[in-house]
Structures are given as structure tokens and as C-alpha cells.
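For reference, the structure is listed below as C-alpha cells.
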Amino acid sequence: MTKKDYYHILGLDKDASPEDIKKAYRSLAKKYHPDISKEANAENKFKEVQEAYSVLGDASKKSNYDRFGDASDNGFSGFGGGGFDGFDSFGDSFFSSFGDIFGNQQTKKPSYDKKVEMTISFMDAVLGANKTIEITVEADCRVCHGKGAVSNQDVITCKRCGGNGQIITEQRTFLGNIRSRQVCPNCSGKGQEIKNKCYACHGQKRQKVKQSATFNIPAGIQEGMSLQVPGKGNFVPLSNNQKRRRSILLTFNSASS
């Protein structure tokens with residue numbers, strides 16, 4: 001397979017400095033960006049430019065490419081003939097290192113619980129950027145620490161089910177009386193009820209709080225692309241009384257200039 005000449009794609013000599021590489025990429029990416037260029041093959045050229053910069057703009061990959069003609073450590077091509085992975089469709093999410101790829105996991109329940117739309121500048125879309133945003137998430141109540149009660153003594157055994165979380169109901173039918181188990185409606189199956197509810201969360205155990213989330217926008221992002229950022233969404237209680245945070249899904253709108 002013919003190796004791509006990334007220096008030629010960016011219009012550079014092999015002794016080009018990092019600043020020269022960045023400057024050439026900035027110019028060509030703006031020229032061929034699909035949201036700007038009217039050329040018929042602009043998208044393919046943009047992908048080539050993006051691919052070239054992803055190698056030459058990274059010191060480690062550039063070193064491998066200069067020595068072996070390939071950016072990967074093992075000497076095999078990391079790109080192949082299919083273009084730059086992750087940018088084949090405006091609607092696809094990308095960069096699996098940020099979490100599951102959205103849109104390709106139709107049978108799975110999404111691991112994110114916050115959707116955020118964000119408008120970024122054109123040059124941030126072309127070159128990438130580090131951003132911090134403020135989001136509202138659900139977390140344990142800061143007053144009762146997730147108990148939902150004024151004190152530990154106010155969390156008592158459910159009087160309806162006796163702490164079992166289930167009740168037995170009996171229904172008369174033409175076949176006779178039928179007994180069945182169902183989730184206790186008083187405690188929702190938890191086996192406990194709250195005598196005096198927390199004044200801050202009103203027994204809900206959770207509150208909405210504002211927190212900051214910092215993430216990297218990959219260079220070359222296009223209109224409508226999404227990025228899944230793990231560990232920045234709502235706090236989710238686990239069965240062992242621990243907590244984990246779900247993801248947020250960022251969808252980008254790029255300013256045209």
C-alpha cells in the first residue's frame with residue numbers, strides 16, 4: 001500500500017518546524033473545512049489535511065513517521081484507506097476513549113444522562129481546544145448526605161412491609177383467592193421509610209448542583225459531532241452504598257468564522 005506523504009499534503013518540506021506545521025494546517029483546514037469550502041472534494045481534502053496534522057502535529061507520531069514512514073509504534077498503518085476515523089459522518093460520535101460510541105450501540109442503554117449543546121469558534125473547531133463549562137447535575141443532598149432524613153434515627157423500618165420491601169396481596173377471582181407478592185408502595189421496595197424528612201431535599205435525597213467540567217475538543221471537529229465525556233454527569237447510587245458518575249454527551253455547533 002502506498003504511504004501517504006503528509007508533508008506534501010500540508011505543502012511542507014521535511015525540515016518544517018512545529019510552528020510551520022501548525023500554520024500550514026490552520027490555513028488548509030480553514031480552506032477545505034466542509035462548513036466553509038464550496039469545492040466538490042473539500043471534505044476529502046479536509047480529512048487528508050486532518051490526518052496529516054494528527055501525525056505531524058504530534059511529536060511521537062512524527063518521530064515514528066520520519067523514521068519508518070508510519071506513525072504507529074508497530075510499523076503498521078493506523079489509518080488505512082478509509083480516511084480519518086471518527087469524521088466519516090457528521091452525526092456520529094467519536095473517540096471511544098471518551099466512552100461508548102453513541103449511535104452504534106442501539107441495543108444498549110446509553111451511559112450518559114446529560115445532553116449539552118455547545119457553540120465553539122471556527123478556529124477551536126479546526127485546531128482543537130481545552131474548554132471548561134458549568135453544568136447542573138444531580139448529587140447527594142449536601143445537608144443530609146443522601147439519607148433524605150433529618151438524622152439517622154429518622155430512617156426507620158417500613159411499617160407496611162416490615163422491612164422486606166414487598167407485600168403480599170390477596171385477590172378474589174372466580175377460581176378462588178389468589179395471593180401474590182408486589183413491591184411495597186410505601187417504601188418502593190427499600191424496606192425503610194423516613195419519619196422526619198430533610199428540610200433541604202424534602203426526602204428526595206438528591207439535589208441539583210452546579211459543577212464545572214473540563215474536556216478537550218479534538219482538532220477537526222465538524223458541525224453536529226458529539227463527544228461523550230465520562231464521569232461528569234449525574235451521581236448514580238450503587239448497591240454497595242457507593243456512587244459513580246455517569247457521562248455527559250456534548251454536541252458541538254461551530255461558528256462559521
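For all residues, glycine too, the Cβ spot is worked out from N, Cα and C.
The annotation domain 'J' is assigned in Swiss-Prot to 5-69. Secondary structure counts, DSSP: the domain 'J' (5-69) has 44 helix, 0 strand, 21 coil.
Per Swiss-Prot, the feature zinc finger maps to 128-210; the stated evidence is sequence analysis.
Secondary structure at Cys141 (Zn(2+) 1 binding site), taken from DSSP and collapsed to helix, strand or coil, is coil. As annotated by Swiss-Prot, Zn(2+) 1 binding site applies to Cys141, Cys144, Cys198, Cys201, with the evidence given as similarity to another entry.
For 141-148 (among others), the entry in Swiss-Prot reads repeat 'CXXCXGXG motif'. A Cβ distance under 8 Å defines the sequence-distant neighbours of the repeat 'CXXCXGXG motif' (141-148), meaning residues of its chain 6+ beyond its ends; these are 155, 194, 197-201, 203-207, 209, 237.
Cys184 (Zn(2+) 2 binding site): 21 other CB atoms within 10 A of its CB, across all protein chains. Per Swiss-Prot, the feature Zn(2+) 2 binding site maps to Cys158, Cys161, Cys184, Cys187; the stated evidence is similarity to another entry.
Look at Swiss-Prot and you will find 158-165 (among others) tagged as repeat 'CXXCXGXG motif'. Confidence annotation: the repeat 'CXXCXGXG motif' (158-165) carries a mean pLDDT of 92 in the model.
Annotation comment: Swiss-Prot describes 184-191 (among others) as repeat 'CXXCXGXG motif'. Same-chain neighbours of the repeat 'CXXCXGXG motif' (184-191): 157-161, 163-167, counting only residues six or more beyond its ends whose CB sits under 8 Å from a CB of the stretch.
Under the heading repeat 'CXXCXGXG motif', Swiss-Prot lists 198-205 (among others).
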Non-local residues, at least 6 beyond the ends, that sit with Cβ under 8 Å of the repeat 'CXXCXGXG motif' (158-165): 183-187, 189-193
Number of Cβ atoms other than its own within 10 Å, given for Cys198 (Zn(2+) 1 binding site): 22
Close in space, distant in sequence - Cys158 (Zn(2+) 2 binding site), Cβ under 8 Å, 6 or more apart: Gly165, Cys184, Asn186, Cys187, Lys190, Gly191, Gln192, Glu193
Euclidean distance between Cα atoms of Cys161 (Zn(2+) 2 binding site) and Cys198 (Zn(2+) 1 binding site), Å: 23
